[in-house]
Amino acid sequence: MGSPSPADQVSRRAQVLAGHLRGLQTSTEPSLSPSPCLQYSPPELASPPPDFNLSDMRKLMDGHNLQDRDWLFGLMIQSKLFNPRVAGGRVFVSPDYSQSMEQQREMTMKRIHYLLDCGVFQEWLTGRGPEVEMRKFALHEVIGMYDHSLAVKLGVHYFLWGGAIQFFGTKRHHDKWLRDTENYVIKGCFAMTELGHGSNVRGIETVTTYDSKTGEFVINSPCESAQKYWIGGAANHATHTIVFSQLNINGKSEGVHAFIAQIRDTDGNICPNVRVADCGHKIGLNGVDNGRIWFDNVRIPRENLLNSVADVSPDGQYLSAIKDPDQRFAAFLAPLTSGRVTIASSAVYSSKMSLAIAIRYSLTRRAFSLTPNQPEVLLLDYPSHQRRLLPLLAKTYAMSFAANYLKMIYVKRTPESNKTIHVVSSAFKAILTWHNMRTLQECREACGGQGLKTENRIGHMKGEYDVQSTFEGDNNVLMQQVSKALLAEYIAVQKRNRPFKGLGLEHLNKSCPDVPSQLTSSTLRSSQFQTDIFCLRERDLLIRFAAEISQLQAQGLSREYALLQSYQLAEDLGRAFSDRAILQTFLDAEAAVSSGPLKSVLSLLRSMHVLIILEEDASFLRYGYLSPDNAAAIRKEVTILCSELRPHALALVSSFGIPDAFLSPIAFNWIDANSWSSVQP
């Protein structure tokens, strides 16, 4: 049969159209009518009353210093310096990011002086003991929830500059510098990173020599790539800096050492032979004056060498009890550990902020009706929306327990625990900051267009926190360090024929765990299964990694080149170690809770945390720890867990203990906050 003619096609279309029109005229279906204006309904009306105690959950999550946290929240909310504004009948506080870079820096300094006058920084450097350090961590976390610039500026001064003097210095340095640093009389910065070297600290190019005739060190930037770069506080405010430099004594390089150098006088003038330039506008943290520093044969007293690890005698002899250059270099990286601890912890609180805002919004914002003339559906009642946010909520709970554990082992550190702290802080810093950036992005998208508004915080926080993935150690490099440490431990155990001890690797002393061939719902939610499969992955990847390195070395490659070639296994192993260690912190927190509703919801969160990792990490299928059928069972179980966590969502974010003023208008009555009256003078 041939194709219909153009005339036939026109006739056919006319008949179809006429039929449609006749159908509309005789239809008995109810017609669609405009729905009444939307009314805001609080999230509490879309959620059952919590069946666990919110205060108990907050104690478990924050872990310490709740009263100190709430005291600082109050100080910030009540002060005009923290930019209070009214929206929807509520007061919110957050920085005015529409200000110029210069104005934001000025406001950061004003806020620091206000907090100083209120006694916030008391004993931050002159106090001693775990209680003092935990209070410092708690208050720093609260400051970061308000403004990451403010937290970073203080972190550089107290944790890096002050921490370097504490760790690298001796009594003469402590007596001279710590109290004035704590009282912000001296404003310090930390000059380690250079234009040409970031993660590779050992390769920095700044050179310091010793002049025995004058008893002075001479610091020099010999080339442009040796300029100190991204130095927080250097552009405008810092009076002094810790300079990391190669130390050259009598023509021999003794490696990287730390020195105190003055870069400004008390009037703010740049010191002779020092050049400072601004790093300029950034995608975030514009309240921090990042700068660049060049040293043109700057002379400093011999006493300004931080000499806890090594010293130089008046006549120019190099002295150190640590003869191994590698061990000496490792000792100089100690302050970075405290930096990683604070970064990991602040990343968790950023995730909490974004989830609290996004989940509250999803319990009040509706979209689309499933049937005509029926109310639109709440965002969080869509299974797809639950799957976007609730797994991230569960993982944030896990990350919170991990951060608390990291802080605790740090404040209780001993010389014997330094290796563990280095490995755990490197792993957790990477995992927690990656999680934070993913959470911020998902929460931004889950809030739709409202997520783009700076006043709603989440979108802007992405730019503010993005730097965490690379400063104080690039995350990918840190994960390589974790894997190298695990490999070294494995080789040592094999050589000495002794059991594993430390880093949580004791499970390798036992027989290899078995994973059932068929995974039921009860098995998937079992803490034993969850522990077993994480331990199985870590064990197998460590053995594979060691075997691959050995094989490459047998082919003639150096150990260093073999490690480079095995980067994919190294990354998988680093994540396996981190996931197993984080799960253990969750189990420990859960074990401290008596049976009841709180323990039950923690069990749901733990299962969600583990199963979403099993679903998303390809290594479980790649290396055969899960079959495709079991992977499908896990995917189904995650959906079920989402529906079970949905009634608890509001209570879980309320347990974060974040004051309403620290959230944003879309977390509350976003209709009133955007009403016409809100724009009237």
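The backbone N, Cα and C atoms fix where each Cβ goes, and this holds for glycine too.
As annotated by TrEMBL, active site, proton acceptor applies to Glu472. Residues near Glu472 (active site, proton acceptor) in space but far in sequence (CB under 8 A, at least 6 apart, same chain), listed by position: Leu336, Gly339, Arg340, Ile343, Lys429.
As annotated by TrEMBL, FAD binding site applies to Thr193, Gly232. Counting Cβ atoms from all protein chains shown, Thr193 (FAD binding site) has 20 others lying within 10 Å of its own Cβ.
Per TrEMBL, the feature compositional bias 'Polar residues' maps to 24-38.
The domain 'Acyl-CoA oxidase/dehydrogenase middle' annotation in TrEMBL covers 189-298.
The domain 'Acyl-CoA oxidase C-alpha1' feature in TrEMBL is assigned to 336-487.
Annotation source TrEMBL lists domain 'Acyl-CoA oxidase C-terminal' at 531-663.
The region 'Disordered' annotation in TrEMBL covers 20-48.
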Helix, strand, coil residue numbers for the domain 'Acyl-CoA oxidase/dehydrogenase middle' (189-298) per DSSP?
6 helix, 54 strand, 50 coil
For the domain 'Acyl-CoA oxidase C-terminal' (531-663), provide the mean pLDDT of the predicted model.
97
Looking at Cβ-Cβ distances, which residues of the chain lie under 8 angstroms from Gly232 (FAD binding site) while being 6 or more apart from it?
Val152, Lys153, Val156, Cys189, Phe190, Val288, Asp289, Asn290
Would you list the DSSP helix, strand and coil counts for the residues of the domain 'Acyl-CoA oxidase C-terminal' (531-663)?
110 helix, 0 strand, 23 coil
